Amino acid sequence: MAEEEAGGLVFHPMDQFVIKPLFGEGPVNWYTPTNATLWMALAALAITALLVFGTRGRAIVPNRVQSIAELLYGMVHKMVEDVTGKDGLKYFPYVMTLFCFILFANFLGLLPKSFSPTSHIAVTAVLAVLVFAGVTVLGFVKNGAHFLGLFWVSSAPLALRPVLAVIELISYFVRPVSHSIRLAGNIMAGHAVIKVFAAFAAVAAIAPVSVVAITAMYGLEVLVCLIQAYVFTILTCVYLKDALHPAH
Amino acid sequence: MENLGQLGQYLGAGLACVGMAGAAMGVGNVAGNYLAGALRNPSAAASQTATLFIGMAFAEALGIFSFLVALLLLFAV
């Protein structure tokens, strides 16, 4: 991806996504602690710090940290209740875990010199496939063969239903693909754009423009990190609703 | 001949990005219509933000497929 130009501009926008072993050099095996492992562990630690130690006081009138934790909990709880209904609340802990992990991994990835695990399709694909497999199994366990009613649109004319069934089937199996690549693509593209603007800062004439552009993009990225975590979670809720109430 | 294949790969990857224009129009359409509706009936706007994001996510998914095609052309062919 490196490209040397006449003006001395050097672009390495994709170098930040390279997975390296934490200690020394060498091949990356499945058990090797890497920078991805480190930042995922830091995300888990930050969540623990906020939700476990932040609410340790159990104060009636919460302090700042506790009210942030309560706000987060309340927001996800309301989202699950609004989208999936009361019977979806049983699966609230999993949705909350997903939201917290993605949000914190995204935000920690915004720190300079850090690494965002959610920019890798491998990481988001695991999250999305777990949701997909879990929701499919849940749908069959809860509804039995009625779950297939999801693909048989009973409100459509009879002649159209087989065609719609094929389309519904394709769109069902494409879910984990779009679910995972949406998150990874947004985070990866945002970070790469910031790096490209950073490379322009090497030229003195356009350096001020570059700094302003990086600041603006950074602000946008903070928003994108929150929105993508929210979108991933709300789509999980939608899929969960489809599994619990498959009727069209 | 090898270079010609590589040329086609890069051209195809670049052309696949045109698909993002469609996603851009779709997402803009969702947001614009939401705003138009929200300005007519602001009291109902807050309850529809979840629908807004779901609609945006579905419109965006097709743009993601063009991104996926570009990635596949660059790294998987």
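Numbering starts at 1 and runs along the chain as it is shown here.
Each residue, glycine too, has its Cβ placed from N, Cα and C.
The transmembrane segment annotation in Swiss-Prot covers A:34-54 (among others). Nonlocal intrachain contacts for the transmembrane segment (A:34-54), taken as residues 6+ away from its ends with a CB within less than 8 angstroms of a stretch CB, comprise 19-22, 28, 65-66, 68-69, 72-73, 100-101, 104-105, 108-109, 114-117, 120, 123.
The transmembrane segment feature in Swiss-Prot is assigned to A:91-111 (among others); the stated evidence is sequence analysis.
Counting residues 6+ beyond its ends, the transmembrane segment (A:121-141) has Cβ neighbours under 8 Å at 36, 40, 91, 94, 98, 101-102, 105, 147, 150, 175-177, 179-181, 183-184, 232, 236, 239-240, 242-244, 246 in the same chain. The annotation transmembrane segment is assigned in Swiss-Prot to A:121-141 (among others).
Panel annotation: around the transmembrane segment (A:147-167), residues 139-140, 242-243, 246-248 of the same chain, lying at least six beyond its termini, place a Cβ under 8 Å from a Cβ of the stretch. The transmembrane segment annotation in Swiss-Prot covers A:147-167 (among others), and the record cites sequence analysis as its basis.
The transmembrane segment annotation in Swiss-Prot covers A:196-216 (among others).
Annotated transmembrane segment per Swiss-Prot: A:220-240 (among others), in sequence order, evidence recorded as sequence analysis.
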